[in-house]
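*Asks:* First the structure, then my questions, so here it is.
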Amino acid sequence: MDYYFTKGKPQLVNMKTPVYLVTQFQQLMDLMQNQYQVSCLELMQRSGKAACDFLVYRWPKVKKISIFCGRGDNGGQGYVLAQQAKKMGMIPTVWQVGHQMSMSKPPQMHEEVWYEMNSCHQQGILLHTYSPDIDLGDPELIVDALFGVGLYGHVRPEIASLLQRLQQFTVPILAIEVPTGINASTGEIAGNALAATATITFLCMKLGLLINDGKIYSGEIAFDDLLAPEAIYQQVKGIEKSSLLDSSTCFSKKIWYRNKTQKGWQLSIN
């Protein structure tokens, strides 16, 4: 049986375990910001640092990493990861997809993402604008920070081409929140998707990681609660008994967990 942890208490990942749709996850995020006064920037920084912590724990010998960042909040998490990776002695390279470095905030980019992008630039982290003909080098690990839960509709052709290119690498792929191309609520592929070696997700378990194609494409799952108060999970109820979660859905998953009561990552074993 697989487990994930909620405030130090092991719970089975099965039909009785609360998991969340994207709309419910967004409610949790709103509560964190509005009721518990945790800013969007703070949440972004907590998640990016947690992702880097897991990366180091899971692949301790990796040095050269390539982080593919979109222009949304998922990309912001990738920028935070890049900064943390440099502090920990790694050599991060950021590939900017659909945007580029700018001294003024680009249209449609959140202030927090722009802040973290500029922080990377100021710290001397390599920032490259991605193009289909550019040489991606020889990374030892790839980080997928393209869309996360923010994917709507099908993956655009130029992104699909990038995903196919990345899938040809024979190195580990760490997805932040949700593998690009996987619907975080349904687990279905949005035209094309990037299969991850592991996915780290935050605040709550997303249903799409546990069902349909998402179960396969997410690889191992790491979960970090971002220091969320226990009361928040009572305010927004997850899916406790879902017909979408049958008895065979989650039992083949490796799920790492960490919360504010724990210092390190722990792994559930079937």
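Cβ coordinates come from backbone N, Cα and C, glycine included.
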*Asks:* Based on Swiss-Prot, name the residue from Thr93, Thr170, Thr180, Thr186 that is recorded for the same K(+) site as Asn74, Asp144.
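*Replies:* Among Thr93, Thr170, Thr180, Thr186, only Thr180 appears alongside Asn74, Asp144 as K(+)-binding in Swiss-Prot.
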*Asks:* For the (6S)-NADPHX site that Swiss-Prot gives with Asp73, Asn74, Gly75, Gly76, Gln77, Gly148, Val149, Gly150, Leu151, Tyr152, Gly153, His154, which of Glu140, Glu177 also belongs there?
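*Replies:* That (6S)-NADPHX site, as Swiss-Prot gives it, pairs Asp73, Asn74, Gly75, Gly76, Gln77, Gly148, Val149, Gly150, Leu151, Tyr152, Gly153, His154 with Glu177.
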*Asks:* Could you tell me the mean pLDDT over the domain 'YjeF N-terminal' (25-234), as a whole number?
*Replies:* 95
*Asks:* With every protein chain in view, how many other Cβ atoms are within 10 Å of the Cβ of Val149 ((6S)-NADPHX binding site)?
*Replies:* 23
*Asks:* Nearest by CA distance to Gly153 ((6S)-NADPHX binding site): which of the binding-site residues is it, out of Asn74, Asp144, Thr180?
*Replies:* Thr180
